[in-house]
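Written out below as structure tokens is the structure these notes cover.
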Amino acid sequence: MATVDMRRLETGAGGGFDGMGLSKRVDDDLDDDGRPRRTGTAWTASAHIITTVLGSGVLSLAWGVAQLGWVAGPGVMTLFAAVIYYTSALLADCYRTGDPVSGPRNRTYMAAVRATLDESKVKLCGAIQFVNLFGIGIGITIAASVSMLAIKKAGCFHKEGHKGDCNSYSMSPYIAIYGIMEIFFSQIPGLDSMWWLSILATVMSFTYSTIGISLGVAQIVANGGIQGGLTGVAVGINAAGKSITVMEKVWRSLQAFGNMAFAYGFSIVLLEIQDTLKAAAPSEAKVMKKATAVSVAVTTVIYLLCGCVGYAAFGDGAPDNLLTGFGFYEPFWLLDVANAAVVVHLVGTYQVITQPIFAYVELRAAAAWPDSAFVGTREVRLWPTAVRVSVCPLRLTWRTAYVCVTTAVAMAMPFFGSVVGLIGAISFWPLTVYFPVSMYIAQRRVPRGSTRWMFLQALSAVCLLVSVVAAAGSVADVAAEFKAHNPFRRG
């Protein structure tokens, strides 16, 4: 295999990428790095971010608010929204090295780290990013199958009554169905080609969030008032009739704290999204900051509404998911619509999350074997029609295999969602805070000991503490899941 210069490959320096090849082209339809001219805008970038961030986890925030209470719950969410916006703005400034308008592009997160930090940090960043993306892909698969299964259960409860035996269905068929859907959508070449899917996913996220909030408001009216307390779930026998020990309160609070911290976790794909933006004055970084501000503001409003309305409706007994935890049973058809919207949204989320992994492997293969027919794109006629489509054998086989692996792991380990929480807790600090702060300091040459330098280091230290305590809460959750779940149980 030929030696691959990853710096030149990731920035596009020295020539443009033609499909999956690397031949240099000179054309008015190319950007300054030789790639086909980008067409993304602040609005398509916002759609990609919202697709990534606003997953079905928003429906679990009522549980998080219940653990922390009316004071800390909304406060923590708002605080982390500000932190995520700030560190994302720092990362956006690292898209180009040197000049913010004409400097070399860093098309991926790893490319930005390689351009500003040492090689050991590049390897560390790559390992954390790809493990995180792989784990999230599995978690998304499980979450989507849970929503599909919830449609089946909602119909069962409607027919058999709320006490009916409707919890014995297997998730495996639904995981397989979702995997087949993702095999099809994984053939979309890249983020710049899937703007329409992200917009559709964004619409779906607003749909199920609105339904969840509306059902919560209806429950508040039915209750005759707002439930919940200032400090959240009480120790002892709480309002929901459950016994909570001091340690359980601590672990749940830590877990809720961590969940809120990385509910905004889109830094792992921020630069990949920024790389879809068309050249604009004054720079892509300015456009990306605008997209980030809009996305964080929108998601924060929805997070606060879902979390607070859910807690007000159910108090200490808030379910871990407003739609699949069956805090609501009727109208069952509306629950079906909401859960179907969750599934459609998660199809888009899976694609946005996995594109960096797809691109990394395919770009390396293109650099190593630029003349290979297996790596290149060919025209294929769809029999028996005359329609011709472009097919890349590498993309078809590699992406299909990847989706099959994530689907198989989800099927074998349906409790993997708890493991994803642990992975997210561990990766929150390095990917969301440490690397953006370190790259910004190196690129802007922030003087050591200056006020800004001390502020950035303090921010990094506080977020490291958040990662540690969130990981502790996640470890307790994983241990409980392993204890309660039998991987070999059927049905």
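Placement of Cβ uses the backbone N, Cα and C atoms for every residue, glycine included.
Heads up, TrEMBL stuff is auto-annotated, nobody curated it.
Remember, predicted model here, so these are calculated numbers, not experimental data.
What TrEMBL lists as domain 'Amino acid transporter transmembrane' is 38-477.
Residues or ranges marked as transmembrane segment in TrEMBL: 45-65 (among others). Within its own chain, the transmembrane segment (45-65) has Cβ neighbours under 8 Å at 73-74, 77, 140, 143-144, 146-147, 191, 195, 197-199, 201-202, 205, 208-209, 212, 216, 228, 232, 256, 259-260, 263-266, 269-270, 273-274, 276-277, 287-288, 291-292, 294-295, 298-299, 302-303, 306-311, 313-314, 318-324, 342, 345-346, 348-349, 352-353, counting only residues six or more beyond its boundaries.
The transmembrane segment annotation in TrEMBL covers 71-92 (among others). Same-chain residues lying 6 or more positions outside the transmembrane segment (71-92) and placing a CB less than 8 Å from one of its CB atoms are 61, 64-65, 112, 230-232, 256-257, 260-261, 263-267, 270-271, 274, 284-285, 288-289, 292-293, 296-297, 299-300, 303-304, 307-308, 311, 432-433, 435-437, 439-440, 459, 463.
Residues annotated as transmembrane segment in TrEMBL: 130-151 (among others).
Marked as transmembrane segment by TrEMBL: 195-222 (among others).
The transmembrane segment annotation in TrEMBL covers 256-273 (among others). Remote same-chain partners of the transmembrane segment (256-273), defined as residues 6 or more beyond its termini with a Cβ less than 8 Å from a stretch Cβ, comprise 40, 45, 48-49, 52-53, 57-58, 60-61, 63-65, 67-68, 73, 76-77, 80-81, 84, 87-88, 91-92, 94-95, 106-109, 111-112, 129, 132-133, 191, 288, 291-292, 295-296, 299, 303, 352-353, 355-356, 359, 421, 424-425, 427-428, 431-432, 436, 463, 466-467, 469-471, 473-474.
Same-chain neighbours of the transmembrane segment (293-313): 42, 45-46, 49-50, 53-54, 58-59, 61-66, 70, 73-74, 77-78, 81, 84-85, 88, 205-206, 209, 212-213, 215-217, 219-220, 223, 226-228, 263-264, 266, 322, 327, counting only residues six or more beyond its ends whose CB sits under 8 Å from a CB of the stretch. Look at TrEMBL and you will find 293-313 (among others) tagged as transmembrane segment.
The transmembrane segment annotation in TrEMBL covers 422-442 (among others).
Taken from TrEMBL, the feature transmembrane segment covers 454-476 (among others).
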Cβ under 8 Å, sequence separation of at least 6 from the ends of the transmembrane segment (195-222): give me the contacting residues as numbers and ranges.
40, 44, 46-48, 50-51, 54-56, 58-59, 62, 185, 188, 276, 302, 305-306, 309-310, 312-314, 322-323, 327-328, 334-335, 337-339, 341-342, 344-349, 351-352
Outside the transmembrane segment (130-151), at least 6 residues beyond either end, the same-chain residues with a Cβ under 8 Å of its Cβ set are 55-57, 169, 171, 174-175, 177-179, 182, 268-269, 321, 323-324, 326, 335-336, 339-340, 342-343, 346-347, 349-350, 353-354, 356-357, 360, 406-407, 409-410, 413-414, 416-417, 419-420, 423-424, 427, 431
